[in-house]
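Enquirer: Below you'll find the structure I mean.
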């Protein structure tokens, strides 16, 4: 597959908010804090889910996948952004830009599918509790996770090849923090409408189908929870599912804004802020939401922290 055409520059210039110098330091601080929290939070979740036998369940298997994904998601872009801001170095090589684009798209699409799988897990747990162990068996969970990752990377290859093969006529100034589809399409010197239509189709498949399945799942969950007579049971069900719904709303809301409208209609600065939110801030919030709002996770932290830091059995 040819990732480079005759009009491809050797490097790109990432403009970011370079026209607003006063934003550079606050942005650097926000990115550094967010990235630190994301690393600490997601690594902690992964360790607890792996080390605590009580969390060896489908729900926490998928949560471990989500933590790995969020860790990779932010690491793909944030370190380079911090270097660009801190060293006032705005360039990225063509190969680096291609890597950014492929990995960022792949992880984003994988998260879309993984969140849908997690909502199905909650649906089975709440609405089909007697069949939960049979339906959500080890091999089914493994296949669903593998399916999410494979489809995510397959979608990335398709969208990246369509975007990168557009003629750019030497244009190399990317008005963004990193290489993303809407920003790269604006560099093209040809009519992008046919490509935008194809990208829109893939985005509908990856975004709207999973979010529709999630809404259907939570419709059934809400009906089942309202039938629970125990107030404690309702609270536990809403608590577990509420964390997932917050994550879904934050991620899908911002991703749909960016990818289900033509790049030309996206406000330049607003598009950058939305990308920062769903690409970086959401990953940080995921770890906080799942660790602080989840009773099982908090109890597991309390059990494991003494063993980790004081080597007590």
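Glycine too: its Cβ is placed from the backbone N, Cα and C atoms.
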Enquirer: Do residue 21 and residue 271 end up on the same side of the membrane, going by Swiss-Prot?
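Expert: In Swiss-Prot, residue 21 shares its side of the membrane with residue 271.
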Enquirer: Labelled transmembrane segment by Swiss-Prot, one stretch among 26-49, 170-193. Can you tell me which?
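Expert: Checked against Swiss-Prot: transmembrane segment maps to 26-49.
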Enquirer: For the disulfide-bonded residues listed here (97, 189), tell me which residue's CB has the most neighbouring CB atoms inside 10 Å.
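Expert: Counting every other Cβ within 10 Å of each candidate, the maximum falls on 97.
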Enquirer: Looking at the stretches 26-49, 101-120, 140-158, 237-259, which one shares the most CB pairs under 8 Å with the transmembrane segment (58-79)?
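Expert: The stretch with the most close Cβ contacts to the transmembrane segment (58-79) is 26-49.
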Enquirer: With pairs closer than 6 in sequence left out, are the transmembrane segment (273-292) and the transmembrane segment (26-49) joined by 3 or more CB pairs under 8 Å?
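Expert: These two stretches do touch.
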Enquirer: For the transmembrane segment (196-219), which partner among 101-120, 140-158, 237-259 gives the most CB pairs under 8 Å?
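Expert: The stretch I would name here is 101-120.
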Enquirer: So how many of the residues in the topological domain 'Extracellular' (159-195) end up helix, strand or coil by DSSP?
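Expert: Across the topological domain 'Extracellular' (159-195), the residues distribute as 14 helix, 2 strand, 21 coil.
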